[in-house]
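A.B. asks: Please find one structure pasted underneath; my questions will follow.
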Amino acid sequence: MKCLIILVIFAIATTQIRAACNQQSDCPPGSCCKKPNSYMEGGCFPLLKRGESCYVKDNRIYDVYREKCPCGEGLRCHQFAEGIWQGQCVETS
C-alpha cells in the first residue's frame, strides 16, 4: 500500500512539473505532447534520444502521443524484428 501511495504522489508531481498540452503545437520544439498513461493529462516531454526505446508505428490519438514520444531530429525508429512494434532510435542514414 505504501508503494502505491508513493507511485501516485510521484505521478502527480511529475505531471505538475511538465507543461500541460492537448496537441503537438502546445509544446516547444524538441518535445512532444504525450500522455504517459490513460489516467494522466497530456504533458510536453522531450523527444527520444539515440539508443532509447521507441515505437515503430505512429502511436498518436487525436494528436497526442501515447506512452512515448517519437525519436528526435536526425533519428528514426529502427524495428527490432518483424511483427514487433518496438525499436530503438538510431541515426538516419
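In case you wondered, yes, glycine gets a Cβ from its N, Cα and C as well.
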A.B. asks: Name the residue from Cys27, Cys32, Cys69 that Swiss-Prot records as disulfide-bonded to Cys44.
C.D. replies: Cys27
A.B. asks: Look at the disulfide annotations in Swiss-Prot and name the partner of Cys54 from this list: Cys3, Cys21, Cys77.
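C.D. replies: According to the record, the bonded cysteine is Cys77.
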A.B. asks: What is the disulfide partner of Cys71 among Cys33, Cys89, as given in Swiss-Prot?
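C.D. replies: Recorded disulfide partner of Cys71 in Swiss-Prot: Cys89.
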A.B. asks: Could you tell me the C-alpha distance between Cys69 (disulfide bond) and Cys33 (disulfide bond) in angstrom, no decimals?
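C.D. replies: Taking the Cα atoms only, Cys69 (disulfide bond) lies 8 Å from Cys33 (disulfide bond).
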